[in-house]
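Notes to accompany the following structure.
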Amino acid sequence: MNNINAQKPFGLLRVLKFTDTLIQYEKGVEVMENIAESIRRATPLVKKEEKSFIAKNASYAHGNVEDKSCVDTLILLQHFPVFTLGKRGHASDFKASESEIQARLGATISSVGRGGEVTYHGPGQLVAYPVISLRRRSLGPRAFVESLEDTVSQTVRRWGIQAEGRVPGRTGVWVDDQRKIAAIGVQIRHGVTTHGLALNVNTDLSAFDLIVPCGISDKEVTSMAKELSLRDGTTGRGMEGRGM
């Protein structure tokens with residue numbers, strides 16, 4: 001994104017940061033979909049309650065919520081515990097009943113329109129929803145997904161974690177080709193993207209024991225905290241308390 005000429009309208013990117021609090025999954029998706037529709041229609045946000053929610057809960061906003069240009073938007077947030085089931089997901093991807101999941105984690109289950117199977121969102125996980133017009137940026141779907149993988153890889157490397165995306169046959173970002181540190185699932189409708197990525201920072205990884213994450217049964221799920229603890233021989237608690 002840094003290489004985009006910010007003087008051109010298609011180069012503008014509004015950033016909405018909700019990570020100082022937990023957001024219900026349904027509410028986050030509602031905001032995301034409303035912004036996506038405003039970009040598709042080239043009209044400003046029409047729902048006053050969405051404007052109010054953003055103004056009240058976004059701890060940092062780059063770009064005016066009232067902006068009439070309907071610019072591309074990056075939404076950053078943390079969700080309350082939830083399992084989301086993508087288009088390729090199946091009931092068999094769950095290793096526990098819905099009542100057991102509710103009892104153990106207080107988590108809900110939501111079917112969504114993104115690609116992929118089942119995954120988990122919860123505290124300690126950075127969720128990013130890039131809501132952008134691929135046409136304005138002259139991006140194809142594959143190039144867009146690869147750009148998300150590259151961004152995550154570059155981010156975790158700043159912490160000394162070597163991870164790679166663009167793994168043949170598998171989306172997401174992987175450590176040693178065995179441990180998935182970030183999941184990616186997007187939906188593209190009329191050239192505008194929704195959903196996005198989930199990076200495990202200091203997530204409770206035991207939640208993934210209740211599912212077959214992303215339909216892959218022979219690989220592990222990891223987090224930045226876990227990888228740092230494996231590297232340094234610590235508990236990984238150095239990630240705790242760090243703002244997202």
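Here the Cβ of each residue, glycine as well, is placed from N, Cα and C on the backbone.
These come from TrEMBL:
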- Cys214: active site, acyl-thioester intermediate (ACT_SITE)
- Arg114, Gly115, Gly116, Glu117, Val118, Thr119, Tyr120, His121, Ala183, Ile184, Gly185, Gly196, Leu197, Ala198: substrate binding site (BINDING)
- 68-244: domain 'BPL/LPL catalytic' (DOMAIN)
- Lys180: site 'Lowers pKa of active site Cys' (SITE)
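Recorded features from TrEMBL, shown on the structure.
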{"residue": "Arg114", "record": "substrate binding site", "CB count, 10 Å": "21"}
{"residue": "Gly116", "record": "substrate binding site", "CB count, 10 Å": "23"}
{"residue": "Val118", "record": "substrate binding site", "CB count, 10 Å": "25"}
{"residue": "Tyr120", "record": "substrate binding site", "CB count, 10 Å": "27"}
{"residue": "Lys180", "record": "site 'Lowers pKa of active site Cys'", "CB count, 10 Å": "26"}
{"residue": "Ala183", "record": "substrate binding site", "CB count, 10 Å": "26"}
{"residue": "Gly185", "record": "substrate binding site", "CB count, 10 Å": "24"}
{"residue": "Leu197", "record": "substrate binding site", "CB count, 10 Å": "23"}
{"residue": "Cys214", "record": "active site, acyl-thioester intermediate", "CB count, 10 Å": "24"}
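As a whole-number mean, the pLDDT of the domain 'BPL/LPL catalytic' (68-244) in this prediction is 90. Taking only the Cα positions, the spacing between Leu197 (substrate binding site) and Cys214 (active site, acyl-thioester intermediate) is 12 angstrom.
Among the residues Arg114, Gly115, Gly116, Glu117, Val118, Thr119, Tyr120, His121, Ala183, Ile184, Gly185, Gly196, Leu197, Ala198 said to bind substrate, no two Cα atoms are farther apart than 15 Å. You'll find the Cα of Lys180 (site 'Lowers pKa of active site Cys') roughly 13 Å from the Cα of Tyr120 (substrate binding site). Here the C-alpha separation of Tyr120 (substrate binding site) and the residue listed as 'active site, acyl-thioester intermediate' works out to 9 Å.
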